[in-house]
Protein chains: 2
Amino acid sequence: MECKVIKIGGALIEDGELQNRLCRKFASMSSPFVIVHGGGTFAGQLSERLGIPRKMIDGRRVTDRETLEVTVMVYSGWINKTLVARLQALGVNACGLSGCDLNLVQADRREGRDIDWGYVGDVRQVNMGALELLLQAGVIPVVAPITHDGKGVLLNSNADGIAAAVAETLGRCYDVELIYCFDKKGVLADVGNEDSVISCLTPSLYEEYKGNGVIHSGMIPKLDNAFKSVHNGVRVVRLIHPDDLDQPNAGTRIILEK
Amino acid sequence: MECKVIKIGGALIEDGELQNRLCRKFASMSSPFVIVHGGGTFAGQLSERLGIPRKMIDGRRVTDRETLEVTVMVYSGWINKTLVARLQALGVNACGLSGCDLNLVQADRREGRDIDWGYVGDVRQVNMGALELLLQAGVIPVVAPITHDGKGVLLNSNADGIAAAVAETLGRCYDVELIYCFDKKGVLADVGNEDSVISCLTPSLYEEYKGNGVIHSGMIPKLDNAFKSVHNGVRVVRLIHPDDLDQPNAGTRIILEK
């Protein structure tokens with residue numbers, strides 16, 4: 001049985017009109033799917049309005065107690081519920097979930113050597129039984145990037161990481177396609193040319209593109225993670241523009257072999 | 001089959017220690033149950049910090065767009081998820097839900113004659129199928145007082161009203177006990193004496209107590225609603241102190257006949 005895991009973030013979270021268009025695409029999809037959403041910039045804006053100082057170490061944000069509260073309120077609260085209400089209005093039986101709900105995603109609090117990252121969690125495990133309960137009932141899980149440690153503490157986790165962990169877990173029983181929606185039409189061979197989408201990447205092609213400098217910098221960690229997922233049982237990872245969500249051959253497909 | 005619907009609010013939402021004690025009681029319960037929680041004073045505090053003016057008409061709060069955002073963030077976000085994480089830590093397989101999730105609670109936007117109450121909703125219907133899906137899987141639904149209109153709009157609804165509607169809906173298939181936790185040991189015959197709990201109220205006893213002035217003012221709408229629920233298929237409504245949640249005979253029982 002097929003199942004899609006679709007990660008959305010950025011402007012799709014912030015722009016109501018874009019989100020409505022995306023939700024209509026979701027409403028036209030037939031196979032079961034799971035949505036994982038990011039947080040956009042709304043949490044940062046709210047922190048600023050509340051005068052909560054932004055703490056950064058080595059360019060990474062520290063989630064102190066006050067920032068965790070804001071993050072949970074925005075991600076699990078406003079963003080998750082407005083998205084679910086929109087989907088329900090279009091006839092999609094969505095259920096918004098954070099990692100604590102049904103014990104869906106447990107995470108380990110991140111340990112730095114001498115750095116306290118605060119309430120940040122790296123995904124430890126995804127509850128297959130919880131996903132199956134919902135998917136078998138025709139429910140579309142809509143997952144916020146908030147996890148828990150299993151001891152009563154909520155944690156802020158990376159949405160890409162949650163999407164990957166959900167896809168890899170589902171890969172044990174389903175034929176899984178993991179889709180990252182982003183602002184390009186796919187991985188571009190020429191960043192200046194939107195029509196230069198690389199349609200397919202295998203491990204050997206990836207090495208080639210990295211070797212000749214076509215793929216570089218910010219795309220590398222994203223693609224490394226994508227290859228990790230296909231190595232861990234996800235059939236295909238796709239990087240696409242959300243407008244192409246209903247185009248089966250759009251974007252860049254990341255697979256193990258042709 | 002028995003099922004309890006338990007409404008909690010006030011200090012149980014705000015006081016972490018009290019909430020932990022309550023969660024341990026939930027963890028010791030055997031029959032299936034649904035928790036409906038209120039919002040406490042946290043949303044009002046957040047609105048104040050954000051400088052959102054409090055709009056009141058005839059002593060009732062108007063929920064404008066900004067207030068709705070705060071309410072959804074606090075109720076569906078922070079309060080709902082911290083409660084669920086605590087329950088999960090104690091082995092209770094809780095799932096936090098707002099009315100939009102699984103289309104659990106639809107509401108009608110409240111129409112005043114010349115008054116715009118904003119994003120306030122009166123419960124229209126509760127989705128029995130959603131409750132059954134979760135209860136049959138051994139899941140404990142934890143419901144926030146946020147509903148939706150089915151057209152993509154979230155609404156702020158009264159938690160007591162949601163608890164009653166959930167209990168009445170479950171009453172079609174389950175033997176339902178609806179429990180309102182509050183700060184007294186039950187309905188008191190003498191407000192100054194905590195030991196004067198009226199153990200049982202039937203419609204005729206209620207009329208008697210109202211007639212001789214023992215029951216008056218604020219208790220009357222609460223008890224009217226309780227009687228409405230027993231008339232609508234709930235076996236018994238109980239008003240108890242949360243510390244007595246595991247005492248089968250504690251508090252005031254509201255029933256149709258002895």
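Each Cβ is built from the backbone N, Cα and C atoms, and glycine gets one as well.
Automated prediction, rather than curation, is the source of TrEMBL annotations.
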Candidate from A:Asn103, A:Asn127, A:Asn156, A:Asn193 that TrEMBL assigns to the same substrate site as A:Gly39, A:Gly40, A:Arg61: A:Asn156
CB within-chain contacts under 8 A for A:Gly40 (substrate binding site), separation at least 6: A:Gly9, A:Gly10, A:Ala11, A:Ile13, A:Glu14, A:Ile79
8 Å Cβ shell about A:Gly39, A:Gly40, A:Arg61, A:Asn156 centroid, substrate site members excluded: A:Gly38, A:Ala43, A:Gly44, A:Thr71, A:Val74, A:Tyr75, A:Pro145
Mapped DSSP class for A:Lys222 (site 'Transition state stabilizer'), helix or strand or coil: helix
A:Lys7 (site 'Transition state stabilizer') versus A:Asn156 (substrate binding site) - Cα distance in angstrom: 16
Set of same-chain residues at least 6 away whose C-beta sits under 8 angstroms from A:Gly39 (substrate binding site): A:Gly9, A:Ile13, A:Thr71, A:Val74, A:Tyr75, A:Ile79, A:Pro145, A:Ala159
Pairwise CA distance, A:Arg61 (substrate binding site) versus A:Lys222 (site 'Transition state stabilizer'), rounded so that it is a whole Å: 19
